[in-house]
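Encoded as C-alpha cells, the structure appears first; notes follow it.
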Amino acid sequence: MGILTELYRKARKTCVFNKRANWSDSVFRTFCSKETKSDAHNGTEWPRRIVSGLQPTGELHVGNYFGALRRCVRLQEQGEDVMLFIADLHSFTTRQDPKQLQERTLELTALALAAGLDPERSVLFQQSAVARHAELCWLLACLATHARLAHLPQYKEKSATMKEVPIGLLLYPVLQATDILVYRGTHVPVGADQLQHLQVAAQLVKTFQHRYGPAFPTPRPLLPDDGSDRIKSLRDPSKKMSKSDPDPKSRILLTDSDDTIRLKIRKAVTDFTPQVTYDPENRPGVSNLVALHCLANGLVPEEAVEEAEGLSTAQYKGVVAEALCGALGPLRARALELRARPELLRPVLRHGAARARRRADRVYEDVASLAGLAPPPPPLHSHALRVC
C-alpha cells in the first residue's frame, strides 16, 4: 500500500488544522462518553465505530466540507475507527447519468483524500462495491412499516414535487440505516435535521432484536457544536445551503476559485444594519457570515464579532471571503492534482471496498444465522476445485 501512504502524506501537507478549531472536539467526547460500549437492553458490547456517507450528486459545498468531511478527518486524528463511503446507491432515487456518476465518485474521492482522510487508517469506499448493503436492506425493509417511512419529513417534502414517486425514495431511510448497521456502526456524525433518520435505524435494531436476537448496536448521533450543520443559503438565509438549490450563488463550492468565492460572499443577502452581530434568529444573513468565518478560522462567534468591530457588513464580507479562500484554497489545489490521476484514486476505492466487504460479511453471517437464512458461501481460493 505504498501508493496510499504517499497520497496521504501529500494530502496532509495541505491540511493544517487550527488548534483553536478543535474547540468542539471536546463536545464530541463528552457526548459519546455518556454512552457505554454495551447496549443496556442486551448487555452486548460493540467496538466503537464511526460511519458516514456522502452522495456523489452535485458538487460539494462548504457545508458538506465543514459538516462532514472535516469532521471525519478530525475523528480519524483522534484515533477513531472511521468509515466514509460514497453513497452512489442513494443517488438513484433520481435519474443519473452513468458516466457523470463515475466522474463525481472520483471527484469526491479526491476531495476526501485532499481533506486529509488516510485510506490506511480509515475506510474510504464506494457503497455499491459492497453487495451486503442491498442484501441487508431487503431484510430491514421487511421490518419497517409504510406508515413510519411515509411520515418522515424528507419523504413528504420530496414526494410532494413528484408526479410518480419511486419506491426507492420511501425506502431511502432503510438504506441509510443499513449503511450503518451492516458495519455495526456505533456513532454517526449528523446534524440535528437528520436525527429522525437515525431514529429509524434505532427502531430497526430494536425490531430485529425482538424477532431474532441481538445483531447490531443502537447507533448514536455525533452532533456538532460549531454550527457546521447549520450553514445557510447565501441567497436565502432561512434555508440550509444545498447542492440542489437552483441558484448557484446560494452556495460556495469546494471547487470555486478565490474570485468566485469573493463574488458569492459579496452578493450574500444580509440586512440594512451596518454593524456585525451574531443573532441567528433576528439577523440570519449576517450570522451566517459569522458562522462561515468561525469555521474557516477556528473561532467562536464572540471572537469573530470582536474582530469585525468597526467594520460595516460590506467590509466584513471581505474578511469572510478571505478566510474562506485561505481555508479552501489548499484543499482545492490538492483535490485538482489528485483528480488528474485517476489511476491513483481507483486503487484507493478498491482497497477500501475490500476492507468494507470483510467487515460486512462478518456481520451478515451473524444476521443470516439469526434469521434462518443460508450462510454466506466461503471465499474462493485459487486452488479450489471449480465445477461448471
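We count from 1, first residue shown onward.
Using the three backbone atoms N, Cα and C, a Cβ is placed for every residue, glycine included.
Secondary structure by DSSP for the region 'Disordered' (216-252): 3 helix, 5 strand, 29 coil. Sequence annotations record features per position, and here TrEMBL assigns region 'Disordered' to 216-252.
Within the chain carrying the compositional bias 'Basic and acidic residues' (227-250), a Cβ under 8 angstroms from the stretch's Cβ atoms is held by residues 57-64, 66-67, 70-71, 190-193, 263-265, 267-269, 280, 284-285, 287-288, 291-292, 294-295, all 6 or more beyond its ends. The compositional bias 'Basic and acidic residues' feature in TrEMBL is assigned to 227-250.
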